[in-house]
Amino acid sequence: MALERTFSIIKPDAVRRNLIGKIIAKFEENGLRPVAMKKIHMTREQAEGFYAVHKERPFFGELVEQMIASPVVVQVLEGENAIAKNREIMGATNPANAAEGTIRKEFALSVGENSVHGSDAPETAREEIKFFFTDDEIVG
Ligand code: DAT
Ligand code: MG
């Protein structure tokens, strides 16, 4: 296994409900260390650009509105097998299908307001980290 980095967002629904600490605890307890983090309020342009891969999907408009409604916490997480590990800790996109103990099972409100984003592959992890962080903001 290799030491990897992945990109994570604690989404508006979770930040509004004061779940930042509980969500970061899940990462740390499972071997993922934050090596960069900041709280931001995404612009519409950022949200549309970040989720461009979904722009033809019927839920795109709602997704963008949810992401810009209030602040988020963006992070780079580092650990063994971090990309897959983070997806495991997050749970399935739809909380109704998420396994016990996962972030989405415990905290998500709906398939749209599902508390966290995590990169799905090495290439998207690289792109998403670069979308929000400069190299000197990452302090491994
Ligand atoms: P994930 O966030 O698990 O990678 P995804 O990339 O397929 O899932 O979708 C990105 C986000 O879009 C997801 O976290 C919530 C929203 N979304 C996906 N499918 C949806 C649906 N059927 N209805 C409403 N929102 C949806
Ligand atoms: Mg995705």
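Placement of Cβ uses the backbone N, Cα and C atoms for every residue, glycine included.
Residues or ranges marked as active site, pros-phosphohistidine intermediate in TrEMBL: H117. According to TrEMBL, the feature ATP binding site maps to K11, F59, R87, T93, R104, N114. Per TrEMBL, the feature domain 'Nucleoside diphosphate kinase-like' maps to 3-140.
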Which of the three DSSP states, helix, strand or coil, fits F59 (ATP binding site)?
coil
Please identify which of T93, N114 has the densest Cβ environment, defined as other Cβ atoms within 10 Å, among these binding-site residues.
N114
Whose Cβ, among the recorded positions R104, H117, has more other Cβ atoms within 10 Å than any of the rest?
R104
Please report the number of other Cβ atoms within 10 Å of the Cβ of K11 (ATP binding site).
27
Checking the spread of the ATP site as listed (K11, F59, R87, T93, R104, N114): what is the longest Cα-Cα distance, in whole Å?
21
C-alpha spacing of F59 (ATP binding site) relative to the residue listed as 'active site, pros-phosphohistidine intermediate', in angstrom:
16
From the DSSP assignment alone, can you count helix, strand and coil residues within the domain 'Nucleoside diphosphate kinase-like' (3-140)?
65 helix, 28 strand, 45 coil
Under a criterion of Cβ-Cβ distance under 8 Å and sequence separation of at least 6, what residues of the same chain contact R87 (ATP binding site)?
G118, D120
Long-range neighbours only, meaning 6 or more apart in sequence with Cβ under 8 Å: which ones does F59 (ATP binding site) have?
G112
Out of F59, R87, T93, R104, N114, which binding-site residues have CB atoms lying under 6 Å from ligand 1?
F59, T93, N114
Kindly state the mean pLDDT of the domain 'Nucleoside diphosphate kinase-like' (3-140) in the predicted structure.
98
